[in-house]
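Visitor: Feature annotation from Swiss-Prot assigns NAD(+) binding site to ILE569, THR650, GLY894. Taken from Swiss-Prot, the feature NADPH binding site covers ILE569, THR650, LYS674, GLY894, and the record attributes it to similarity to another entry. If you look up Swiss-Prot, you'll see ILE569, THR650, LYS674, GLY759, GLU762, GLY894 marked as NADP(+) binding site, on the strength of similarity to another entry. Marked as Na(+) binding site by Swiss-Prot on the basis of similarity to another entry: GLU701, VAL704, ALA706, LEU708. Annotation source Swiss-Prot lists L-homoserine binding site at GLU762, ASP773. Residues or ranges marked as domain 'ACT 2' by Swiss-Prot on the basis of sequence analysis: 494-571. Feature annotation from Swiss-Prot assigns region 'Interface' to 339-563. Residues or ranges marked as region 'Homoserine dehydrogenase' by Swiss-Prot: 564-917. Taken from Swiss-Prot, the feature transit peptide applies to 1-89.
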Amino acid sequence: MQGLAVSCQLPPAAAAARWRPRASSSNREAVLQCWKYELSQDHYLGGPLRIGQSQGSLHRHRSTNFLRPAAAAISVEQDEVNTYLPKGDMWSVHKFGGTCMGTPKRIQCVANIVLGDSSERKLIIVSAMSKVTDMMYNLVQKAQSRDDSYAIALAEVFEKHMTAAKDLLDGEDLARFLSQLHSDVSNLRAMLRAIYIAGHATESFSDFVVGHGELWSAQMLSYAIKKSGAPCSWMDTREVLVVTPSGCNQVDPDYLECEKRLQKWFSRQPAEIIVATGFIASTAGNIPTTLKRDGSDFSAAIVGSLVRARQVTIWTDVDGVFSADPRKVSEAVILSTLSYQEAWEMSYFGANVLHPRTIIPVMKDNIPIVIRNMFNLSAPGTMICKQPANENGDLDACVKSFATVDNLALVNVEGTGMAGVPGTASAIFSAVKDVGANVIMISQASSEHSVCFAVPEKEVAVVSAELHDRFREALAAGRLSKVEVINGCSILAAVGLRMASTPGVSAILFDALAKANINVRAIAQGCSEYNITVVLKQQDCVRALRAAHSRFFLSKTTLAVGIIGPGLIGGALLNQLKNQTAVLKENMNIDLRVIGITGSSTMLLSDTGIDLTQWKQLLQKEAEPADIGSFVHHLSDNHVFPNKVLVDCTADTSVASHYYDWLKKGIHVITPNKKANSGPLDQYLKLRTMQRASYTHYFYEATVGAGLPIISTLRGLLETGDKILRIEGIFSGTLSYIFNNFEGTRAFSDVVAEAREAGYTEPDPRDDLSGTDVARKVVVLARESGLRLELSDIPVKSLVPETLASCSSADEFMQKLPSFDEDWARQRSDAEAAGEVLRYVGALDAVNRSGQVELRRYRRDHPFAQLSGSDNIIAFTTSRYKEQPLIVRGPGAGAEVTAGGVFCDILRLASYLGAPS
């Protein structure tokens with residue numbers, strides 16, 4: 001028998017349709033009496049079962065893995081004697097939810113998974129087909145509301161299962177299932193009609209109606225398994241699972257009674273594969289009921305405990321348990337293992353893992369639960385067990401996951417009269433209990449001056465009213481100063497078994513929240529230290545979750561990068577990042593994510609990282625109008641990544657003027673742009689002060705010498721106690737190229753034109769020939785050496801003839817430049833006659849605190865005369881390198897080498913943040 005029998009004859013549908021109850025209690029009672037049904041215990045157990053216990057207990061027989069009663073301990077009267085329920089590792093328990101059972105194709109996939117399990121015995125718990133439970137509840141609700149459409153809704157339920165069965169089954173199995181389906185639906189139609197007439201249904205009656213979804217899905221799966229030739233039985237768990245109400249809409253299993261009934265059931269149907277209904281059970285009085293929320297998972301855990309299964313596998317549509325809600329944190333990862341306590345804490349604080357009560361039955365027998373994805377069998381899933389493996393190393397593994405609870409209110413009870421007064425906390429929470437509110441978290445100051453607790457926002461009004469009423473006298477007398485309610489709160493919980501043994505976890509968590517500008521309203525931590533719970537504004541919750549998760553789960557050297565100026569240097573940098581990012585992540589655990597690229601007119605933004613293999617195409621197709629404020633806000637407001645850096649690849653003064661504000665926001669800055677370090681001295685000093693105060697990094701190696709280690713060499717000398725006497729060098733790659741190639745065979749103007757065509761000069765060569773760029777580099781080095789010089793303090797001898805400085809365009813300048821070729825030829829000839837060459841240099845005299853930029857002559861054996869191409873050369877004369885200067889030489893111009901210098905600064909930043917050297 002598949003359904004539960006009603007003990008009295010229900011009125012035929014036609015007769016019931018003609019009859020309408022009067023609004024009288026006697027009529028209502030008459031109809032309610034009609035619903036009463038009684039289940040025979042004989043139906044469940046095949047005969048009365050009596051159990052008497054003296055002093056023994058149940059023991060597992062070691063050799064056979066059967067459950068055997070201790071001698072004279074238990075006597076069981078049943079029809080079959082000497083029939084024992086096998087227990088232990090031979091059993092594997094699987095649970096498939098409604099999504100897994102949603103279609104005939106999926107039910108067949110479930111059957112294939114079951115058949116692929118090599119366990120000796122398998123017990124399969126199934127939910128109703130997807131959305132059927134809601135449909136069944138809706139049937140009862142419609143009937144209670146006297147909505148005639150309940151009949152149409154019932155027909156839809158019937159059609160759904162009939163269609164599924166026809167797609168899945170055939171032959172005699174299909175006929176049997178459809179016959180039972182017709183019978184059950186006919187009974188349901190009569191029962192719903194009775195509800196319609198009375199306008200009311202008891203909870204047990206509703207549970208009986210709703211439970212049919214599980215009955216039908218279990219039968220369909222058992223028939224599908226039988227098609228393969230495997231022996232299979234199906235179990236109505238109302239015959240086995242006995243529960244008692246425990247308050248708060250919960251039930252507790254009666255394990256002893258469940259064990260007796262399961263043993264009796266198995267004596268009649270000892271199949272190797274058992275398909276059982278989830279969610280439904282019965283009371284001790286054999287009244288149908290349900291296991292409430294997440295009941296099917298609970299069913300699997302109870303049955304797994306009863307048979308001492310090897311493991312319980314919960315099949316879902318996700319790959320396992322995430323370290324955080326992946327809908328809120330895109331970087332959430334699948335956890336391979338969790339402890340029972342961690343899973344319980346996560347479930348309590350809202351993580352979609354398991355209901356906390358699901359863990360209790362298996363926890364006492366150390367039975368692991370595995371969460372797996374039916375739609376991705378290659379994913380190993382998450383194992384919940386007693387002793388989980390470490391995930392990511394020491395500190396990273398101490399926090400396993402983060403969970404949040406929204407829509408809460410914080411209630412704060414405060415007053416000097418609370419301190420040292422016994423019973424105050426008891427009175428507070430007694431009042432909360434009396435109104436039936438659920439306390440999520442409690443925090444009390446050690447001074448006993450205040451206590452606060454979080455409750456669901458929908459319950460806070462009655463809680464507040466009850467507290468004001470209960471403590472009216474104390475409030476009036478001033479013993480309590482206030483009962484305050486703060487709405488719009490959320491809880492963020494960090495969960496981890498190893499938090500108790502790992503120093504510094506709280507510091508890391510609160511540092512992450514502080515850097516995300518999150519204000520914490522309350523804190524709680526149990527003495528077990530399995531979790532740290534903080535209460536914060538609900539509007540800050542997602543930002544807090546991302547910030548905390550990134551600190552513990554992303555690499556310490558995960559950098560969110562924003563690139564300003566995707567031109568020659570910026571474009572070269574992006575291509576270098578594209579080619580090297582994967583290598584850095586694999587070899588050095590440096591994770592670079594470019595989440596923004598902006599030019600002067602358009603910008604491209606991403607929350608998690610731009611695909612650098614097609615950044616140019618994306619910048620054209622998906623870009624939005626450029627706005628430097630919005631661009632920086634996008635970077636600073638992204639709390640997925642713990643560290644942010646802005647890379648300015650422009651030569652723009654207005655962009656450089658923002659460095660101070662970016663550093664103040666906690667954003668690191670890297671740039672080859674000289675404008676900030678050679679600009680007004682007061683602004684430069686303000687910038688450096690902010691950089692130190694904000695604990696951010698400001699790197700600018702490529703401002704002098706492109707990719708050459710000029711700044712770092714100078715810093716190394718100064719930091720080790722050396723004293724700078726003089727710095728002299730050829731700082732311009734453009735001018736180095738021009739004078740290295742001006743050897744007398746070609747006119748000066750021709751060499752300049754060649755350099756312009758090769759891309760060595762600025763669009764207007766006067767910007768290079770003026771010497772201002774070299775002067776800026778001298779100022780950068782002077783300030784790095786501790787000299788407070790302005791750009792105006794550096795005399796510059798420009799190479800631009802005075803009469804050509806006013807040319808309206810670069811083309812006009814290039815047309816008129818040949819008129820000065822004779823002058824340049826004469827200077828070159830004079831130098832050559834003296835065995836010298838012309839070189840344009842910048843010089844810093846640290847002793848006299850002065851600098852200059854000019855054209856000089858050097859002997860052919862001088863290092864400055866040995867250059868080729870666009871090489872730079874810088875000579876450091878110091879107290880240690882006084883007789884023979886320290887020389888740094890190499891290519892000093894070009895997008896690739898400059899971008900390489902910027903890239904080195906990015907890696908230097910990663911090293912400062914914790915990357916291995």
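Just so you know, glycine gets a Cβ as well, placed from its N, Cα and C.
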Visitor: Measure from the CA atom of ASP773 (L-homoserine binding site) to the CA atom of ILE569 (NAD(+) binding site) and give the result in Å, rounded to a whole number.
Guide: 17
Visitor: Rounded to a whole angstrom, what is the largest C-alpha distance between any two of the residues ILE569, THR650, LYS674, GLY894 that the record assigns to NADPH?
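Guide: Output for NADPH binders ILE569, THR650, LYS674, GLY894: max Cα distance 16 Å.
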Visitor: Using DSSP, how many residues in the domain 'ACT 2' (494-571) fall into helix, strand and coil?
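Guide: Split by secondary structure, the domain 'ACT 2' (494-571) comes out as 36 helix, 22 strand, 20 coil.
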Visitor: So what's the average pLDDT for the region 'Interface' (339-563)?
Guide: 86
Visitor: Mind giving me a neighbour count for VAL704 (Na(+) binding site)? Other Cβ atoms within 10 Å of its Cβ, every protein chain shown.
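Guide: Result for VAL704 (Na(+) binding site): 28 neighbouring Cβ atoms inside 10 Å.
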Visitor: Taking the centroid of the Cβ atoms of GLU701, VAL704, ALA706, LEU708 as the Na(+) site, which other residues of that chain lie with their Cβ within 8 Å of it, listed in sequence order?
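Guide: Along the chain, the qualifying residues are PRO672, ALA702, THR703, GLY705, GLY707, PRO709, ILE710, ILE711, ASN872, GLY892, THR898, GLY901.
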Visitor: Near GLY894 (NAD(+) binding site), which binding-site residues out of LYS674, VAL704, ALA706, LEU708, GLY759, GLU762 have their CA within 10 Å?
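Guide: Near GLY894 (NAD(+) binding site), where near means Cα within 10 Å, the binding-site residues are ALA706, GLY759.
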Visitor: Indicate the candidate from ILE569, ALA706, LEU708 with the smallest number of other Cβ atoms within 10 Å of its Cβ, considering only these binding-site residues.
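Guide: LEU708, out of the binding-site residues ILE569, ALA706, LEU708, has the fewest neighbouring Cβ atoms within 10 Å.
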Visitor: GLU762, ASP773: which of these binding-site residues has the highest Cβ count within 10 Å of its own Cβ?
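Guide: Result of the Cβ crowding comparison: ASP773.
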Visitor: With H, G and I counted as helix, E and B as strand and the rest as coil, say where DSSP puts GLU701 (Na(+) binding site).
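Guide: DSSP assigns GLU701 (Na(+) binding site) to helix.
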Visitor: Name the one residue among THR650, LYS674, GLY759, GLU762, ASP773 whose Cα is closest in three-dimensional space to that of GLU701 (Na(+) binding site); these are the binding-site residues.
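Guide: If we rank THR650, LYS674, GLY759, GLU762, ASP773 by Cα distance to GLU701 (Na(+) binding site), first place goes to LYS674.
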Visitor: Counting only residues 6+ apart in the same chain, whose Cβ is under 8 Å from the Cβ of THR650 (NAD(+) binding site)?
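Guide: For THR650 (NAD(+) binding site), the qualifying residues are ILE564, GLY565, GLY567, GLY570, ASN673.
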Visitor: Please report the distance from the Cα of VAL704 (Na(+) binding site) to the Cα of LYS674 (NADPH binding site), rounded to the nearest angstrom.
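Guide: Taking the Cα atoms only, VAL704 (Na(+) binding site) lies 8 Å from LYS674 (NADPH binding site).
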Visitor: Taking every protein chain in this structure into account, which of the binding-site residues LYS674, GLU701, GLY759, GLY894 has the most other Cβ atoms within 10 Å of its Cβ?
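Guide: Of LYS674, GLU701, GLY759, GLY894, the one with the most crowded Cβ is GLU701.
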Visitor: Could you check which of the binding-site residues (ALA706, LEU708, GLU762) sits closest to LYS674 (NADPH binding site), going Cα to Cα?
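Guide: Closest by Cα distance to LYS674 (NADPH binding site) among the binding-site residues ALA706, LEU708, GLU762: ALA706.
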Visitor: Nearest by CA distance to ALA706 (Na(+) binding site): which of the binding-site residues is it, out of GLY759, GLU762, ASP773?
Guide: ASP773
Visitor: List the Cα distance (Å, whole number) between LEU708 (Na(+) binding site) and ASP773 (L-homoserine binding site).
Guide: 17
Visitor: Helix, strand or coil: which one is ASP773 (L-homoserine binding site) in, per DSSP?
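Guide: Looking at the DSSP assignment, ASP773 (L-homoserine binding site) belongs to a helix.
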